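Listed features, source TrEMBL:
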type	residues	note
DOMAIN	1-246	domain 'Aspartate/glutamate/uridylate kinase'
SITE	5	site 'Transition state stabilizer'
BINDING	64, 168	substrate binding site
SITE	229	site 'Transition state stabilizer'
Ligand SMILES: Nc1ncnc2c1ncn2[C@@H]1O[C@H](COP(=O)(O)OP(=O)(O)OP(=O)(O)O)[C@@H](O)[C@H]1O
């Protein structure tokens with residue numbers, strides 16, 4: 001079983017990702033796709049007059065402040081345009097894909113965090129009304145039901161809180177939780193960069209290998225949102241996933257290339 005997470009940053013070639021996935025699926029490989037949608041969410045939020053707000057925690061992690069209106073825009077893009085766009089591509093390629101969010105059947109479940117600590121103008125502030133959380137539980141029963149019946153699951157945030165409230169969760173860490181829960185052989189984190197760069201944005205500074213026991217030491221090279229990807233990789237290998245690969249989804253055969261070792265391989 002392979003869990004593939006494809007991001008939502010500018011430059012990602014979803015046609016290439018879906019064509020590669022479809023070929024592998026038809027050859028008999030068991031796959032699950034998790035996707036993001038941050039770039040398009042930012043664009044739509046601006047267009048709707050509710051621009052995105054990113055906050056940085058005292059420990060340096062950046063996240064989207066998700067008030068109720070932002071959550072609704074997030075759902076429009078992630079569960080709507082992005083999810084259905086990917087499902088349509090796969091259907092056209094002859095793969096019976098089913099697109100679901102983490103809310104559906106509580107595929108992804110976690111605790112709702114209503115407030116976030118953010119550093120603004122050098123001061124730590126507590127912002128309330130946030131709809132975020134971290135995936136703590138995965139409904140593997142529903143995923144296995146779909147896979148067992150021949151459907152390729154295409155999953156996206158948000159998740160469900162334990163009270164049934166929609167929460168924005170990091171897609172990379174959700175994919176890591178899924179890979180752990182399903183005892184996946186590999187987790188691919190595909191985005192618009194060749195992998196983890198030692199000297200971002202210099203693409204020649206690609207880090208090719210990271211020893212599984214040492215992932216957190218590489219957090220220092222990741223800026224902003226890349227930090228969550230590195231954290232997700234650490235969680236996956238600690239949870240027993242044998243290989244995590246940060247790969248490039250901009251062209252070619254992104255899934256195959258990553259599985260063949262292009263990108264940053266954590267093992
Ligand atoms: N050291 C680094 N190496 C590679 N990319 C980095 C690094 N530091 C920061 N980045 C940034 O991290 C981004 C990838 O993370 P991001 O979460 O934005 O992408 P995504 O997974 O495509 O999106 P989504 O949140 O929609 O799933 C890259 O586009 C790059 O700009």
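Glycine too: its Cβ is placed from the backbone N, Cα and C atoms.
Where TrEMBL records a feature, it is marked here on the structure.
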{"residue": "5", "record": "site 'Transition state stabilizer'", "Cβ contacts under 8 Å, 6 or more apart": "33, 34, 35, 36, 171, 172, 175, 187, 188, 189, 190"}
{"residue": "64", "record": "substrate binding site", "Cβ contacts under 8 Å, 6 or more apart": "38, 41, 52, 53, 54, 70, 74, 132, 168"}
{"residue": "229", "record": "site 'Transition state stabilizer'", "Cβ contacts under 8 Å, 6 or more apart": "172, 189, 191, 196, 222, 246"}
Confidence summary for the domain 'Aspartate/glutamate/uridylate kinase' (1-246), mean pLDDT rounded: 97
